[in-house]
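Structure, as structure tokens:
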């Protein structure tokens, strides 16, 4: 068994992988669906999209801007989570005391 | 000093600055790791700027400003999609990609599968995507430079072509990256200046900008559906944008220029900030142009609206014929030029990697080439790809090739993304599935565009201009079906290796 297989079959590594997957996939899928609602709203909810929320700002404009805010928010959420994963990965590399490359 | 001379000076300064960074980079450009990956020497922030410089094209800068100025809300909605793909890049692709590859997209895809068939297919798809993108960029660039500066189309393409060949063959990825960083800084600065002018005119009040937009164009201008009448087509475009970015080879290879996955992560964050602000600002510039320049005037100069931002610059600087006005417009023309050269240089180096590293070194020579020879072949490949691009760009003069950009995203999402995701995350995935998905995904996307309204107009057999809604599921399904209906591949050891590398960065190159 190579050291890669040894690490891969370890409990810590499987745990790291699972917690990563549990974090990335639901958010990605929900985000894709959230974005795809935009063209549908544009096509089928025109009155709502053109209604004014305050001043001359329409719902459609704020809704569009919300995508930028959400994308940036998710980016920072990712950084926050990834630091935890980095720590776990470092522990695994430490435990199997392999190589000096990587952080 | 006349303002036109200022434009020429700015233009010469950009060329001189990029040549200088190429000269510096050329001294450090000694082997394939320098050539393809800038010696992995970039910081996350530098690579973030380079990513933005690689991604934001003249079609975004001039084209989207025009779309918003002429069509209002639909232009704004179109712009939103361009940032969204980076969430997928960040969450799913960037770090494992950085950890398990070396120089090209094919490195990752062929890691644990049968190397030669997968690598060949990946290289062909990379070359196809790069060619589509390149032709669209060059044809647009030739026309835009003709419009802005008045030099003939062919001359503009040859000039841009020679510059991109020089950056890449001499300076490799390091020079390409710095050309992109310089462009990103210039582009963002120009836009921030324009936005400040606009903000002052409207007393920093967004609502009064939209008030003026309504006074000038009517309330209907803020209503969706003026440009995109078919929501399903728009959905199909949205799918290609959000899923295609993570399958664009020239975006992905940028992650090899940083030392590790943490820096790759940082570069996406920087890129997302820059790209997001860019698209928010460019839509405001478009709205402002519809107020100050007027839709008729913009469309009179160029029916596609490409002159909306330059004409707005002219207005903000004092108007036509004034020193400030002409100066502002000349500056925008110079920035558009910087934008173009940065994008095409990134495409040349990506194509060179697919050709030299994938097809020549690993498929034809099976990896048995000494590093000196590899380096030489890489530079020659860049030269050949540059020359071919110039010729194709000139031949395509006058053709409407804007749809090729969307096609590049569709192929990225239909052919590359399924294979990237499955080879990183799905143990059972095999060579059959990978090759089938890449070929079927590409052929489906290309065929649907060929029989769609972009190419066949009124007589279109396929009703949508955007193939994504069909071709992306087809790509994912063929990857899945061809895998489960073919024999299991014995690659447990390789999968373990890739999985550990992807998730921990162990042994990353």
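Using N, Cα and C of the backbone, Cβ positions are placed for all residues, glycine too.
Any TrEMBL annotation is an automated prediction that lacks curation.
Annotated range for transmembrane segment in TrEMBL, selecting from B:6-26, B:300-320: B:6-26. Among the stretches B:155-179, B:402-426, B:433-452, B:464-485, the one making the largest number of Cβ pairs under 8 Å with the transmembrane segment (B:121-149) is B:402-426.
The stretches the transmembrane segment (B:47-70) and the transmembrane segment (B:155-179) meet in space: the count of Cβ pairs below 8 angstroms, excluding pairs fewer than 6 apart in sequence, reaches at least three. Counting C-beta pairs under 8 angstroms (sequence separation of 6 or more), the transmembrane segment (B:6-26) reaches the transmembrane segment (B:327-356) with 3 or more such pairs. Listed as Cβ neighbours of the transmembrane segment (B:377-396) (distance under 8 Å, sequence separation of 6 or more from its ends, same chain) are residues 32, 35-36, 131, 134-135, 138-139, 142, 153-154, 157-158, 161, 164-165, 168-169, 172, 344, 347-349, 351-353, 355-357, 360-361, 369.
Counting only same-chain residues 6+ beyond the ends of the transmembrane segment (B:268-289), those with a CB under 8 A from a CB of the stretch are 44-45, 47-49, 51-52, 55-56, 60-61, 64-69, 72, 75-76, 79-80, 82-83, 86, 89-90, 94, 184, 187-188, 191-192, 194-195, 198, 201, 209-210, 213, 298, 308-309, 311-312. Sequence-remote contacts of a segment are chain residues at least 6 beyond its ends whose Cβ falls under 8 Å from one of its Cβ atoms, and for the transmembrane segment (B:155-179) they are 15, 18-19, 21-26, 28-29, 34-39, 41-42, 46-47, 50, 53, 138, 141-142, 145-146, 149, 254, 257, 340-342, 344-346, 348-349, 352, 379, 382-383, 386-387, 389-390, 393-394. Counting Cβ pairs under 8 Å to the transmembrane segment (B:327-356), the stretch among B:234-256, B:402-426, B:433-452 with the most such contacts is B:234-256.
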